[in-house]
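What TrEMBL annotates here:
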| type | residues | note |
| --- | --- | --- |
| DOMAIN | 50-360 | domain 'Cas1p 10 TM acyl transferase' |
| TRANSMEM | 69-92 | transmembrane segment |
| TRANSMEM | 112-138 | transmembrane segment |
| TRANSMEM | 150-170 | transmembrane segment |
| TRANSMEM | 190-211 | transmembrane segment |
| TRANSMEM | 218-234 | transmembrane segment |
| TRANSMEM | 240-262 | transmembrane segment |
| TRANSMEM | 269-288 | transmembrane segment |
| TRANSMEM | 308-328 | transmembrane segment |
Amino acid sequence: AFYRSRVRVWASSRLILQGSESWFDGLHIGNGPLRNDLQVLLNFHCNDYMRFKDGTCCSSAESLKPMQLFSLSLFLVCFLLCGAKAACAWSRPRSLGNSLEQPDLIAKERQHGILVKTTGVLAAISRLGVIVAYLILCDRTTYFMKENKYFSALNFWLPIGYVLALGFFFSDQSKDTKFLHRDQTDEWKGWMQLVILVYHMTGASSVVPIYVNMRTLVSSYLFLTGYGHFYYVWQTGDMGFVRFMQVLFRMNFFVAVLCLCMNRPYQHYYYAPLVSFWFVVIYILLALPPRVTAANSIGKPFKYLYVVLKFVALVAGINVLFMSVVFFEHIFTMPFWRWLFVTTDGSIQEWWFRWSLDRY
């Protein structure tokens, strides 16, 4: 009777009762199916408004904001341009032989070189766009089913065992024998990344001993990153602005893309702002005069005192910020950089927690 009307008949009861013997008189149902039916009804009416982080049943997908649409449109334009260039290159004659004069041939080669570079950039941006589109499809839509994380020792330790086995069977020799050289720190940071990834994927934060050890790994990773930048500046003396911007770009490019395309604040990806902040602090500390490097301190041991005094001043400043939460909030909520340190609701508590946890 309601087939061609705008009336929608609630069908969950019939679906739940299929194969059940709790429907005695065709009208009333038993307590078990009734609880399940009420749960579906409440999910249908409440999940879309309460926005539970651990449930996506019966909730609509998060709508795309203008900045997300603009960012995805740029990726789409690059993808189409890359496809058009590839189609033109495929359909164009391969070679004109010796029919071109030498100047024309040189100009043609230059144009081809520029075209190859442009195509490479567009192809890289297009691949990044495909990755971001896949992330949005998985994390911001309801096309795929989602489930909560329940920790089990097997799920956590089995991948850790895989990582350990790979470490035993795959090794390489290093020519550098200095203390904490590049190959060594890169290897440490590599397995730390894998272990931390397993930790997050298996929901192991509910186990206190594992949580404490993971915090130690994150702090160690942060220290190794800072040590690497300090050692580079100490050995090369390169404190230029170009190097500074290159490092910040490497640390934040993908995070910035995620913030724009996933509609999340910078603090949502907390490690990037944390490591970027401490890199800026170390850079300023070393760039302030007097500048001391390995080259200009040879035969002048008193210059090491300048470095020690700089770090003592840094520790004192960290202590001042840590002892006064009001002063900390005043510093990091200044209008021109406030958006880097606050969450969606305007709170700075997340940044305070991350900063204070790894302040040394």
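Cβ atoms are placed via backbone N, Cα and C, with glycine included.
Listed as Cβ neighbours of the transmembrane segment (112-138) (distance under 8 Å, sequence separation of 6 or more from its ends, same chain) are residues 68, 71-72, 75-76, 78-79, 81-82, 85-86, 89, 144, 257-258, 261-262. When each of 69-92, 150-170, 190-211, 269-288, 308-328 is scored by its Cβ pairs under 8 Å to the transmembrane segment (218-234), the top-ranked stretch turns out to be 269-288. Within the same chain, the transmembrane segment (240-262) stays apart from the transmembrane segment (150-170): fewer than three Cβ pairs sit under 8 Å, each pair at least 6 residues apart. Restricting the average to the domain 'Cas1p 10 TM acyl transferase' (50-360) gives a pLDDT of 86.
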